[in-house]
């Protein structure tokens, strides 16, 4: 084992330019060929990221205001996605060695099909309102009072592959809410309707001005269809620590310690705390704010500020790393906040590998699949590998 601990941070949606197959992916009828999340954010504002610059992010692609530097303790490149799809679950599963060959369904522009909703109404005995892509807080303002009067289910989606059901805890008891959501999960297992997650979204309050979502949210995710690098690590008794939404993305499969995060800031603080602890294995963090708060909302300045905030937290994390630790920064897809539409964009993702033990650094060739990350981690811990991906461990000198 070369590295006792591997810290893997997924900067959710921070792509570095359209992939070769971006012409097959679309936002409101426009293909993704001109997308470049990181590049376009830098062009739209004064982006100052000294720590990412030192690590070599400006060596991966041209980023306005960020220099290409001589690398002494980091290796950088970009990675192409092999799976079909450009969503969070697909990207993360591929990182850990599982390809998605049938994309998860999204219903952002159309809402859910009538047949699906008819079956949900029939099996739950309740009518459905909403059926649009919406912000969870905004839809409560629009439909919460109607739901309280009628008991109808507020069903909505987002740019992700998800079906969400908002229900008031005093109108529909929480256990009944979970039963309704389990029915929705069963219905959405069919290939034509298969969504990555069904989410119960309970709320309380008396009117549209004071509705508030409660902590009784419940996710009905899809378990990965095959074992991933996470399983092989945990089966070999290594620590697999999932921070943020990682546990939900993998439905807990192969994970033996986890905690949620409330923000990117919280995520960076949590991973820094783990760096101060003794463990052997993988600590895996997703920074979701980039995607959820800024990418989908097409807010390049908010996105850029979030990158700068993360950049400012890197030194403390890195100061707590040991000689035999490896830090990897990457992403799971793109979400160009300057692009048309509100959906993800099909892009290459960055890869930065840093260790205090590196004697040199430099640029690696483009990696052919996100699964090279999982393969490298498996190689390091000498555990079974998935059938996808090639390790680049030997290239890290």
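Any Cβ shown, glycine's included, is placed from N, Cα and C.
According to Swiss-Prot, the features are:
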BINDING   12, 332, 333  Mn(2+) 1 binding site
BINDING   291, 296, 344  Mn(2+) 2 binding site
Q. Out of 291, 296, 344, the binding-site residues in the record, which is closest to residue 333 (Mn(2+) 1 binding site) when you go by Cα distance?
A. 344
(Q) Distance check, please: Cα of residue 291 (Mn(2+) 2 binding site) against Cα of residue 12 (Mn(2+) 1 binding site), rounded to an integer number of angstrom. (A) 6
Q. Which whole-number value in Å describes the distance between the Cα atoms of residue 296 (Mn(2+) 2 binding site) and residue 12 (Mn(2+) 1 binding site)?
A. 12
Q) How many other Cβ atoms sit within 10 Å of the Cβ of residue 344 (Mn(2+) 2 binding site)? A) 32
Q) Where's the emptiest Cβ shell within 10 Å among the binding-site residues 296, 333? A) 296
Q: Determine, for the Mn(2+) 1 site, the additional residues of the same chain whose CB lies within 8 Å of the mean position of the CB atoms of 12, 332, 333; present them in sequence order.
A: 10, 11, 13, 14, 15, 87, 88, 91, 92, 291, 331, 334, 335, 344, 349
Q | Neighbourhood of residue 332 (Mn(2+) 1 binding site) by C-beta distance under 8 A, where only residues 6 or more apart in the same chain count | A | 10, 12, 13, 88, 90, 91, 92, 95, 286, 349, 370
(Q) Quick check: in three-state DSSP terms, what is residue 332 (Mn(2+) 1 binding site)? (A) coil
Q. Apart from 291, 296, 344, which residues in this chain have a Cβ no more than 8 Å from the mean position of the Cβ atoms of those residues at the Mn(2+) 2 site?
A. 12, 13, 88, 159, 160, 292, 295, 333, 335, 342, 343
(Q) Check the DSSP secondary structure of residue 291 (Mn(2+) 2 binding site), expressed as helix, strand or coil. (A) helix
